[in-house]
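The block underneath contains the structure these notes are about, expressed in structure tokens.
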Amino acid sequence: MALGWCRFFGACFIGILFFHGFCACDRAPYYSFMLNATSAPTISYYDYIIVGGGTAGCPLAATLSQNASVLLLERGGSPYGNPNITNLAKFGAALSDPSPTSPSQRFISEDGVINARARVLGGGSCLNAGFYTRASPEYIRAAGWDGRLANESYQWVERRVAFEPQMGPWQSAVRDGLLEAGVLPNNGFTYDHIKGTKVGGTIFDRAGNRHTAADLLEYANPGGLTVLLHATVYKILFATKARPKPVAHGVVYRDASGAKHRAYLKRGLKNEIIISSGALGSPQLLMLSGVGPAQQLRAHNITVVLDQPMVGQLMSDNPMNAIFVPSPLPVEVSLIQVVGITQFGSYIEAASGENFGGSPQRDYGMFSPKIGQLSTVPPKQRTPEALAKAIELMNNLDQQAFQGGFILEKIMGPISTGHLELRTRHPEDNPSVTFNYFKEPQDLQRCVEGISTIEKVIDSRPFSKFRFDYLSVPQLLNMTASAPVNLLPRHYNSSQSLEDFCKDTVMTIWHYHGGCQAGSVVDHDYKVMGVDALRVIDGSTFNVSPGTNPQATVMMLGRYMGVNILKERLAKEDLAN
């Protein structure tokens, strides 16, 4: 049988890899409190101002609105009613849309790894693989969270957005292959983080509709919440005169027309500004507001409010590596459903699909040549002619090239860290970020053991019907290594060394975190140290990524901290009375 598509393997790999990153939120709830920022007054006052309507910001706003007036500012638009987000068949359109209004904003780390940040109400939960799984009890204890409230907060999230997936033959073969490979025991279906192999939750319902963090706004008190879309915050305002330390008291934001607005906290010691802009956005906004490394701020002519050298430090991204396995049989379209939680610190997951390139637009997601990503070709050499040639090659692929799936491993932690720096003073511009993938040897060793486990799954009896006998694992490794997954130089033959394979094919799984870490930038109540009335509540505060996939814990944290903040508020009111 002819397999002429192998030389174009990168296209096959990419089409399937990014099929699991779109949003299908078909039925839009009616939110009377959700408005375009152009309709906002020039000046307004609230008890709480939340910057960022993402995975943490939405549950946080919904909770605080029960007993306070809340303004939620989101720089992106609504996930509802946009077919590029809501329509399953158009998944690639959102990821390959480079326009300023796209729900996905692409960036490339200084490491050369292509990445994305969300720009939409609901945040990354509108762009991710949908896998829902909790953090371990050990993680919750180490974070200093109350176990009972954390459990209640997870359940609050799960009532709206979490479901048990329907397992098909391919995912079942991966699960059984993991068990044969020794990733034991079989823990069945559970949201809990338990060593062994399990089926996790999903934020896709049985009809294939995605339920995002934006759906958690259904819990909100409509009279207590205002959500402004296309509202880009430029800086936090601080009062500094005659005060022992700076006090946050307002924000400056612009609407889609460029008009400037100011929102201030109402008078009262219990009122706060809360940044929930994500691992890139939160440290970036702190720096733009004058809280960060003084030397860097002065280099951008930013007035220093607080010299805080740890803002933007200890940035981490969990490296992901995968092996694509072409299948002689049709396979179901599946997102991340199964995970193998190993003893050595690697998580094994998988996704599959059939004929992903069969739609008229033949789009390949965020690694599509349509957005300028051509293997290791430097950006300056990505001419219109080169792009057109790559698109033509992909359009001419045989449909069978898109039949199969990939098995990936993501390491826990990671131990390796990097840093974030401002490029400009404009909040919509991506900052410069370096993650230093595999800088620490233990991270690399975990990847090697993870890839070795994937090899065992591919060679397992349960998985045998979903692979071609004449494609050996080394051949699959070299096919994967030829894919345009990053901008890094390649070793000659990556299959000769799993260490080289890990370095050559490193990708993101969008679990980057840090930059405002608890204990370094914020305290364990998520208050920014050195200033008053300001918190950061999102993944930028994490020291390590929670569980196998973080979105459940980020949503939980929004609810958890909302409850705690309201408790503090009531306690202060009791004292005042």
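Every residue gets a Cβ built from N, Cα and C, even glycine.
Unlike curated entries, TrEMBL annotations are predicted automatically.
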Disulphide partner cysteine [TrEMBL] for Cys502, chosen from Cys447, Cys516: Cys447
Candidate binding-site residues Val120, Val233, Pro550, pick with smallest Cα gap to Cys502 (disulfide bond): Pro550
PLDDT averaged over the residues of the domain 'Glucose-methanol-choline oxidoreductase N-terminal' (278-292): 98
Pairwise CA distance, His511 (FAD binding site) versus Cys447 (disulfide bond), rounded so that it is a whole Å: 16
Helix, strand and coil totals (DSSP H, G, I; E, B; other) for the domain 'Glucose-methanol-choline oxidoreductase N-terminal' (278-292): 11 helix, 2 strand, 2 coil
Whole-number Å value for how far Cys447 (disulfide bond) lies from Val233 (FAD binding site) (Cα to Cα): 39
In the chain carrying Trp510 (FAD binding site), residues 6 or more apart in sequence that have Cβ under 8 angstroms from it: Asn115, Ala116, Gly124, Leu127, Asn128
FAD binding residues Val120, Val233, Trp510, His511, Gly539, Pro550, Gln551: largest Cα-Cα distance, in Å and rounded to whole number: 25
C-alpha spacing of Pro550 (FAD binding site) relative to Cys447 (disulfide bond), in angstrom: 19
